[in-house]
Amino acid sequence: MKYLASFRTTLKVSRYLFRALALLIWLLIAFVSVFYIVNALHQRESEIRQEFNLSSDQAQRFIQRTSDVMKELKYIAENRLTAENGVMSSRARDDKMVVPDFEPLFADSDCAAMGSAWRGSLESLAWFMRYWRDNFSAAYDLNRVFLIGSDNLCMANFGLREMPVERDDALKALHERIMKYRNAPQEESGNNLFWISQGARQGVGYFYALTPVYLANRLQALLGVEQSIRMENFFTPGSLPMGVTIIDENGHSLISLTGPDGIIKAEPRWMQERSWFGYTPGFRELVLKKSLPPSSLSIVYSVPVDLVLERIRILILNAILLNVLVGAGLFTLARMYERRIFIPAESDAQRLEEHEQFNRKIVASAPVGICILRTIDGVNILSNELAHTYLNMLTHEDRQRLTQIICGQQVNFVDVLTSNNTNLQISFVHSRYRNENVAICVLVDVSTRVKMEESLQEMAQAAEQASQSKSMFLATVSHELRTPLYGIIGNLDLLQTKELPKGVDRLVTAMNNSSSLLLKIISDILDFSKIESEQLKIEPREFSPREVMNHITANYLPLVVRKQLGLYCFIEPDVPVSLNGDPMRLQQVISNLLSNAIKFTDIGCIVLHVRCDGDYLSIRVRDTGVGIPAKEVVRLFDPFFQVGTGVQRNFQGTGLGLAICEKLISMMDGDISVDSEPGMGSQFTLRIPLYGAQYPVKKSVEGLAGTCCWLAVRNTSLCQFIETSLARSGVHTQRYEGQEPAADDILIVDDALEHTWQGRAAVVFCRRHIGIPLERAPGEWVHSVASVHELPALLARIYSIELDSEALSSALPTTDKTADSNDDMMILVVDDHPINRRLLADQLGSLGYQCKTANDGVDALNVLSKNAIDIVLSDVNMPNMDGYRLTQRIRQLGLTLPVVGVTANALAEEKQRCLESGMDSCLSKPVTLDALKQTLAVYAERVRKTRA
């Protein structure tokens, strides 16, 4: 269970880890996007810085060029000034020498003294400046050069160009710089001074440079230059719309050509660095600040951040959109993966855990021992308490044997007898459990079952002995009862063939009925016993159901007429002409039902209806008898059950007839049902399958087509059957209500004729008529209601039409031989019982056969050796040599004459044994004259054919 719980926890942790993985992937993509954007930004910044540097290089070159000019001018000035009193050496000069203009810088400045003292030097310097202006100043773009005396602080102005001078602003700026210079520390007094003055237009001004002039290590003057400065010259062509500002060492803006966002305010952190590149506070502008040596000035370039981001703005939007889409996709994927993978897996794990708990509870509560053994060593991994107890009962040898069997996988169970004599049956199947090969074993205590099996075996042996005893009892009862009964019934049959005095025939008939009833009771008991012991077998063969029904109705019709009842037999035209089944057992069932119907019916009629019902042959027996209560119908087929005490008093029987019928029909794969109403009668319907059925060809009888029959039949069922039967033969039928008939018309009635019929003939269906149709008066025929299906044959006879044998329904074949026609047959009767031997001889004599007798098999062989015998009629149970060995000996002698066995044992095994010994047939005692007559007629005909 811990394994499953950890697995479920692992799934839950995996789900959260998958979420974290999706988040990390999104963050990674976002980081890559940011990195890419930052890289693009840095690249853009690098491009802008490169442009800033190119522009600043121009400014630097401007400053450096001015510084170089100052050095040259300083050199010129030092060469033109004499070393004595600041007077320049005398040189040949032009007569038109111009003295420069003097401007006092301070209120106490003495420009007259400077002009008188430095007149020659200034004239020489002015001449040189004019020469230099004419030849070189255009290249340096200088406006003017001025010289300031260190003592009198008066400025000599050497104008190089005609430029307007903002006098006040220039003097003020010059005054401030000179004061700054004079107040500077000693170590800074030799440095040049640079400053810029803003002009009238933005971005245009004047650049000033001031350098000291020393003679003999003494400061004599300050030499300065003024140069026009245009900030637009500090941009590279095609550069960004940037702003540029020049600031002094204190961060004050001197001149600027600003961009869109105005003047840049210097930051303190800029001033600490010679070169600084970055963003202003608030990230409004990107700035490059660079110093302009040798001056103390710095130039600042700036562009708005919007211009920096202009090229990467689309990239930023794409990156944001990409990250949003990726985030949404990852979220959707993670959610979908959770729903389709993790959540179902957790549910499965939950169900698996529940199943594991459920299985453990089942195993724990199972009434058998269940355990899981590892196959490699037989170690118990999991088991319930009962299995643990059983395993402790096993000896060491049993455990080793069990382990070997599990490893071998040859069998799936083993029986073990434990040390305390407990029988265990261990069955197992191989499987895997927690990544190991295991065997799931079920241990069952079969001690009770073993004892029960031993008890059942003893009971089976006892039942076998009882069955053998029962069979022996049945054989004994059959033999001992049938043998004397054969003497009674056989002699009564012979007695009825004689002419008896008046009154004696009634007594003989009563004795014959009683003996027949006794024989039926004995036969029912024996049949039921044979069915219960499964000794009664169905013997299927091809037979005609029409012949069976004709035979049954012919046998029972006299009894029905005697009780003044009516027996209607309807055989539908679609009934097969032949099918496979056991005709004797079918005849037994129908005879039993018909016998019961006759027995329980005092008034009315009995209807026997045969038709096809799908794949079954349906036979219905309906009577108008006393009926059966509904509560007793359910027990009707129980053995020895009889309906009601009143019925039991009035009617004799054992209560086995219907039980035997139900068993026999079931053995023939059929079924039987009953429908009854007290006071209205009963209806029994049995069905048997149509195995191998052959149906009649549907065709009309030639000569009957177009004929007309008038029906005056009161019985509705009879009338409907006649109409159907005649319509199949092509006969036209009409209801007769006094119409005038034609000369060839036939009238069919089921009552006596009231008037003479004027047509061809009249057919009267009579319930009391027995036998074939008879013409009792000219044109008046009487027909039995038990053979309504033979009406077309009678009509053909009336119309003088010849019918095919297929169009007629014939009864069972009978051999109509006279007594004197069998005197050519010599029959040997073999029986150890003198009464039976004498009775058989008398019966054969009454049938016209010649007869010889023998006491046993040995005597029979002696008779056979001395006489010409045609047929042997032998009992099977005799002393010295029984009928079986007699038959075998006859066959060994090469004799092929028919041998018919006579046995009092009615069991099927007895008849089968007779046939296996070589007999041709077997008759059961008591043997009636009819059975003997039919059997011997067949073999007598065979012998006659052999002689021919």
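Heads up, the Cβ atoms here are built off N, Cα and C, so glycines get one too.
According to Swiss-Prot, the feature domain 'PAS' maps to 357-425, an assignment based on sequence analysis. Per Swiss-Prot, domain 'Histidine kinase' is recorded for 476-692. For 705-805, the entry in Swiss-Prot reads domain 'ABL'. Look at Swiss-Prot and you will find 826-940 tagged as domain 'Response regulatory', backed by sequence analysis. Residues or ranges marked as phosphohistidine by Swiss-Prot: His479. Residues or ranges marked as 4-aspartylphosphate in Swiss-Prot: Asp875. What Swiss-Prot lists as topological domain 'Cytoplasmic' is 1-20, 335-948, and the listing cites sequence analysis. Taken from Swiss-Prot, the feature topological domain 'Periplasmic' covers 42-313, and the record attributes it to sequence analysis. Under the heading transmembrane segment, Swiss-Prot lists 21-41, 314-334.
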Counting only residues at least 6 beyond its ends, the same-chain positions whose CB falls under 8 A of a CB in the transmembrane segment (21-41) are 308-309, 311-312, 315-316, 319, 322-323, 326-327, 330-331, 333-334
Counting every protein chain present, what is the number of Cβ atoms, excluding its own, within 10 Å of the Cβ of Asp875 (4-aspartylphosphate)?
-> 24
Residues in the domain 'PAS' (357-425) grouped by DSSP into helix, strand and remaining coil | 31 helix, 18 strand, 20 coil
So what pLDDT does the topological domain 'Cytoplasmic' (335-948) average out to?
-> 82
Tally of helix, strand and coil residues over the domain 'ABL' (705-805) according to DSSP?
-> 28 helix, 28 strand, 45 coil
Using DSSP reduced to three states, classify the residue listed as '4-aspartylphosphate' as helix, strand or coil.
-> strand
